[in-house]
Structures are given as structure tokens and as C-alpha cells.
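Quick look at what TrEMBL annotates:
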type: DOMAIN; residues: 42-342; note: domain 'Plant heme peroxidase family profile'
type: DISULFID; residues: 52-132; note: disulfide bond
type: SITE; residues: 79; note: site 'Transition state stabilizer'
type: ACT_SITE; residues: 83; note: active site, proton acceptor
type: BINDING; residues: 84, 87, 89, 91, 93, 104; note: Ca(2+) 1 binding site
type: DISULFID; residues: 85-90; note: disulfide bond
type: DISULFID; residues: 138-338; note: disulfide bond
type: BINDING; residues: 180; note: substrate binding site
type: BINDING; residues: 210; note: heme b binding site
type: BINDING; residues: 211, 262, 265, 270; note: Ca(2+) 2 binding site
type: DISULFID; residues: 217-249; note: disulfide bond
């Protein structure tokens, strides 16, 4: 299509143009995957074995303290990790605070990130710096903290690969189009994850993090009040669930009001999210589409029926997510403070 728009060769010339275009795209994809794998190959669980052997226990202690203070820490930290990795890679670029409000965290898609996630990483970094100054990156601390909040809320444990460097770029203008939206269909979701070397199966699996998530009413109000020209409410909604949402989120609701994405076990990391999808109780269109679409439905049904299967898949997908766009060696730095570049 791109070749046809630029020029319209015919016959053999058109065939050659298409072939060259396919080859260039294929070459780019091969290079992208090769670079990603090369960088991820530098990660290893025992990266700090000599330089900071107790890093994981230090982080776990700080995270556990924060979770005891407020459960919001769990979904906030998990979402922070995801938003970080999908923009610039897992490099803590989302942590940067800019006096001009033009850093990654200032982008519209990131304004809803809860402060407790940032606070968790900042406090864990301070605890690590007290024992191992200038050694552990904020990117690695965020990765460890994301694993820890999952475990502390009842989810699966898994090994965190370490060795990331903190990124040197954090710009609000680079966020748009890199994060999934609440109205995305299966194709859009799959494409976005594929760009990050994650499969559709990974996407369905990682969506399970919504079992401990929450959302502001503005993110899904269209499904309740202005879904389409033929229906004010999304017909895929469970009616009883929709009534509850309307009570919590009336048309002129306070924009700070948020609701749990799993209304039944919101503080437990479990497979109830998938059970909810079977009943038309997915909060976002991008949640419910996982069950509506026949291609993704079998995975939703499998996870809804078997929590062990979901936990195993989630652990594996989190490890893959932690490899997205990582910086190692001279590609980044070890920040002294997570919110500012050195």
C-alpha cells in the first residue's frame, strides 16, 4: 500500500518494488528482535550477587511496608512497571520528574498513574542506596517491586532478571500511541504488544493484572452512557454490573472517583478477572473483547477455570515484559535518585 501511494510502477517494476519494501521491513524487524535479545541476554538473576547481594530483600521490606500503609500500592506499582516498559523500554524513564512538566509521566496517558507507585520505588531506592550506594538501577528496583506487589497480594512468585540501566530520555511527546487504550479491539491490542516482542497470549495473560486494578470513571463512562448511535450502553455489559457502575459513576461524577476493576476480590491477585469476563463484567471494552472475540476466548476460559495455569503463564509473561527495550552497560546510567537524571 505504501509503495502504491508513492508511485505506481507496473508489472515487473511493481513486483520488484514490493519485494524490496518487504525485505527492508523484514530486515528492520530482524534487527529489532536481535538487538532486543542481545540486550536482554545481559540480564541475569544474580547480577548483584557481589555488589549488592541483599538487594531483593531490601526492596521487599520497603514494598511490604508500603503495602501495609495502603493497598493501592499493589495496582499502582504494577501499572507503573507496565507503562514504563512500553515507552522507551524498562528503564525507569517514567520516574523522571520535570520542572517543565514535559517528562514521560506528564503525558496525558500517564496522568492517571497513582502516586503510590512512584513513592514505592523512591522509598525502595532510598533503602537500597543506604546499603549499596550507586549500584542498583531504579529500573531494576521497579522490576523487583512489581514482582513483590504481586506476591504480597497472593499472586505467583517468579525470578526477576536484573542488570538494567536507567534510561537517559523521558519525554511526554514520546508516549502517545505506545500504551493500550480502554476501547482497543483485539487487533489493536495484539499489534501493540507484538511491537514489544510480546504475543497475543502474553497480552491476554498480562491483562489479568486488572484483577487488582482500579480505574477512574472517565475511562469507561462511554460504555455506560454514549456507546453508539443505536445503543446508549454497551450491550455486552452484564445489566446488574452496569447498574452498579452507574451508581458509582453518575454522568457528572467527580473525576477523582475510581472503581475496582474486579468488584469481588479487588485486593487479591487471583483469576477472578477472567471469571468476570465470562459474565459480561469486564470494565473496559478492551477487557471484555478478550472473551467476545473467538480467537482469544479459549485462553480466557482456560484461565477462568484454572488459576494455576494463569499464575504460571503470568509469571512467564512478566519475565518477558521485563526484557522489553532494556538498556545495559553504557546505554544508560545508575541514577542516584529515581526522579532526576545524574
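Note that Cβ sites are derived from N, Cα and C of the backbone, with glycine treated the same way.
Bear in mind that the values here come from a model prediction, so they are computed numbers and not experimental data.
Rounded to the nearest whole angstrom, the C-alpha distance between residue 90 (disulfide bond) and residue 83 (active site, proton acceptor) is 9. Here the Cβ of residue 90 (disulfide bond) has 28 other Cβ atoms within 10 Å, regardless of which shown protein chain they belong to.
Checking Cα-Cα distances from residue 79 (site 'Transition state stabilizer') against the recorded positions (93, 138, 210, 338) with a 10 Å cut-off leaves 210, in sequence order.
Among the binding-site residues 91, 93, 262, 265, the ones whose Cα is located within 10 Å of the Cα of residue 85 (disulfide bond) are 91, 93.
When the Cα of residue 217 (disulfide bond) is compared against those of the binding-site residues 84, 93, 104, 211, 262, the shortest separation belongs to 262.
Around the Cβ of residue 270 (Ca(2+) 2 binding site), a 10 Å sphere holds 19 further Cβ atoms from the protein chains shown. Ranking the disulfide-bonded residues 132, 338 by the number of CB atoms within 10 A of their own CB puts 338 at the top. If you take every residue in the domain 'Plant heme peroxidase family profile' (42-342) and average the pLDDT, you get 97.
Taking residue 91 (Ca(2+) 1 binding site) as the reference point, the recorded positions whose C-alpha atoms are within 10 Å of its C-alpha, out of 138, 211, 262, 270, are 138.
Annotation for the binding-site residues 89, 180: lowest Cβ count within 10 Å of the residue's own Cβ, 180. Among the recorded positions listed here, namely 52, 83, 89, 104, 138, 83 has its C-alpha nearest to that of residue 211 (Ca(2+) 2 binding site).
Rounded to a whole value, the Cα-Cα separation of residue 138 (disulfide bond) and residue 104 (Ca(2+) 1 binding site) is 15 Å.
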